[in-house]
Amino acid sequence: MRRDINNFLFGERMELFEILKQKIKEKEVITPKEMAIIDDNAEFLGIQKILLMENAGKAVYEEIKDIDAEEFIIFCGTGNNGGDGFVVARHLGKGDVILIGKESEIKTYEARENFKILKNLAEFGNIRIREIKWAEEVNDIFERLKNKKAVIIDAMIGTGVKGELREPFKTIVDKINELKQINKNIFVISVDVETGHLESDLTITFHKRKTINKDNAIVKKIGIPKEAEYIVGWGDLKALRKRDSNSHKGQNGKVLIIGGSKDFYGAPILAGLAALKIVDLVGILSVGKVIDKVNHPEFIMYRVEGDYLSSQHVDYTLEIAKKYDVVVLGNGLGANNRTKAFLNEFLAKYDGKVVIDADAIKVIDYNNFEFSENYIFTPHKREFEYMGIDLDNIENIKSTIVLKGKYDIIFNANNLKINKTGNAGLTKGGTGDVLAGLIGALFAVNEAFLSACCGAFINGYAGDLLLKEKGYYYTPLDLIEKIPNVLKIFQ
């Protein structure tokens with residue numbers, strides 16, 4: 001089972017990453033959320049969004065430039081989808097640009113810059129710009145097109161918009177659909193994705209096909225490198241669920257730390273303190289010798305008797321775990337027969353979310369073990385070797401694995417990423433406990449793979465901030481205090 005791993009585990013980390021790239025099938029179709037992450041991570045790698053917008057608009061132009069049409073009408077929203085439409089209009093050098101909204105409402109720098117260029121070109125008369133609030137303001141255009149050969153470009157709403165169409169978009173879409181029924185010489189092209197129930201003849205999408213694209217979509221490359229799909233960057237952090245300003249206690253996550261023993265009491269405390277920076281409630285379940293050492297009133301404490309957690313504590317632990325969104329398991333647990341019995345029985349009976357770290361990784365019975373999608377493992381290289389993962393059957397690994405190291409490799413059966421934040425200061429004891437608590441906190445309200453990626457990034461970036469301030473001379477507690485700084489920078 002371990003033959004694949006033994007060949008590379010202690011070699012170059014990138015060698016493992018390349019092997020995983022071969023084993024994990026690349027996605028041909030991605031979700032809008034995944035595309036947004038890739039788009040932002042391309043910027044993280046240094047590719048400006050205004051360049052991607054230029055490439056997207058130019059790709060649409062190249063597809064339509066030879067169409068024989070009397071008129072080109074480009075409906076643009078105030079987001080980056082509209083920005084793509086502005087670029088299309090510039091390359092066409094003619095047509096009517098209908099901005100649904102006001103110039104002051106254009107949301108991004110790159111879209112605003114492209115609109116400014118259009119305004120300058122409009123002074124020459126070939127491009128006409130109209131800002132509208134209501135669909136009725138373009139009735140004259142629809143009337144004019146009833147007997148003309150025309151191309152209508154839909155750059156109204158991109159992949160980031162959900163729910164029912166609001167006005168005036170709904171009525172504009174209805175009018176375009178009605179026009180197509182009257183005049184068969186109307187050709188409708190959507191940019192990236194169709195707006196609502198619009199009956200497009202062609203959709204030109206970018207980089208990869210999206211799950212919401214219809215069969216008429218074609219894919220155009222716009223200069224996003226493969227690395228943007230694999231790197232963990234600020235795009236991942238932006239995808240995390242945002243805290244609702246109207247939420248109340250408990251709605252932003254509840255984490256239970258299960259660990260500690262007579263030998264190690266600091267590990268669960270560090271994990272708990274890291275989690276508390278993000279979620280609403282943190283509980284610690286441990287033996288009395290750990291609980292007695294905790295001097296943090298922020299925690300909810302659950303005490304059991306003995307030197308180690310053991311099978312006699314399973315039923316009580318299961319009852320407590322039901323109150324929480326996620327369990328972080330293993331920090332300071334100790335690796336012996338008692339903890340092994342406890343952990344394997346607990347996992348067999350508990351079906352919630354679990355972050356499995358440290359000693360918990362060592363005492364799992366991996367014979368016939370099911371790598372559930374509810375699990376995130378956070379091993380270092382020796383613990384990873386112990387897990388005995390067979391890369392030839394990686395499709396069975398539904399759990400997310402965070403292989404810690406100079407570069408963190410995060411993967412499961414369907415996903416693979418690499419995190420390059422962090423430095424040698426993170427080799428100190430306790431920093432792994434911080435990471436486990438951090439990932440657990442994110443996992444409370446987000447999906448497993450995103451939580452693992454973001455936890456690794458935040459932990460490493462916090463270390464990078466400390467490296468600038470203190471060199472390598474920082475502690476796990478210093479690391480915890482930097483977590484909010486990282487989140488404020490990137491969210």
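Including glycine, each Cβ sits where the backbone N, Cα and C put it.
The annotation K(+) binding site is assigned in Swiss-Prot to Asn81, Asp154, Thr195 on the grounds of similarity to another entry. The Cβ of Thr195 (K(+) binding site) lies under 8 Å from the Cβ of Asp154, Met156, Ile157, Leu165, Phe169, Val173, each of these being in the same chain and 6 or more residues away along the sequence.
Under the DSSP three-state reduction, Asp192 ((6S)-NADPHX 1 binding site) is assigned to coil, being neither helix nor strand. Sequence-distant contacts (6 or more apart, same chain, Cβ under 8 Å) of Asp192 ((6S)-NADPHX 1 binding site) comprise Ala56, Asn81, Asp84, Gly158, Thr159, Thr203, Ile204, Thr205, Phe206, Lys210. The annotation (6S)-NADPHX 1 binding site is assigned in Swiss-Prot to Asp192 on the grounds of similarity to another entry.
Of all the Cβ atoms in the protein chains shown, 30 others lie within 10 Å of the Cβ of Asp433 ((6S)-NADPHX 2 binding site). Swiss-Prot lists Gly332, Asp433 with the feature (6S)-NADPHX 2 binding site, giving similarity to another entry as the kind of evidence.
Taken from Swiss-Prot, the feature ADP binding site applies to 404-408, 423-432, supported by similarity to another entry. Annotation for Lys404 (ADP binding site): same-chain Cβ neighbours under 8 Å, separated by at least 6 residues, are Thr378, Pro379, His380, Lys381, Gly432, Leu435, Ala456. In the three-state DSSP scheme, Lys404 (ADP binding site) falls into the coil class.
Panel annotation: around the region 'NADPHX 1' (80-84), residues 49, 53, 56-57, 60, 99-100, 106-108, 110-111, 114-115, 155-158, 191-193 of the same chain, lying at least six beyond its termini, place a Cβ under 8 Å from a Cβ of the stretch. Among the features that Swiss-Prot reports, region 'NADPHX 1' is placed at 80-84 (among others).
For 158-164 (among others), the entry in Swiss-Prot reads region 'NADPHX 1'.
Taken from Swiss-Prot, the feature region 'ADP-dependent (S)-NAD(P)H-hydrate dehydratase' applies to 232-491, supported by similarity to another entry.
According to Swiss-Prot, the region 'NADPHX 2' annotation covers 380-386.
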Nonlocal residues around Lys428 (ADP binding site), in sequence order (Cβ under 8 Å, 6 or more apart): Thr475, Pro476
Site of maximum Cβ density within 10 Å, from binding-site residues Gly332, Gly430: Gly332
Per-state residue totals over the region 'NADPHX 1' (80-84) - DSSP helix, strand, coil: 5 helix, 0 strand, 0 coil
Confidence summary (mean pLDDT) of the region 'NADPHX 2' (380-386): 92
Under 8 Å by Cβ from Leu426 (ADP binding site), same chain, sequence gap 6 or more: Asn459, Gly460, Gly463, Leu479
Residue pair Asp408 (ADP binding site), Asp433 ((6S)-NADPHX 2 binding site) - Cα distance, angstrom, rounded: 15
Cβ atoms near Asp154 (K(+) binding site) (within 10 Å, other residues, all chains): 28
Cβ-Cβ distance under 8 Å to Ala424 (ADP binding site), same chain, at least six residues away: Tyr472
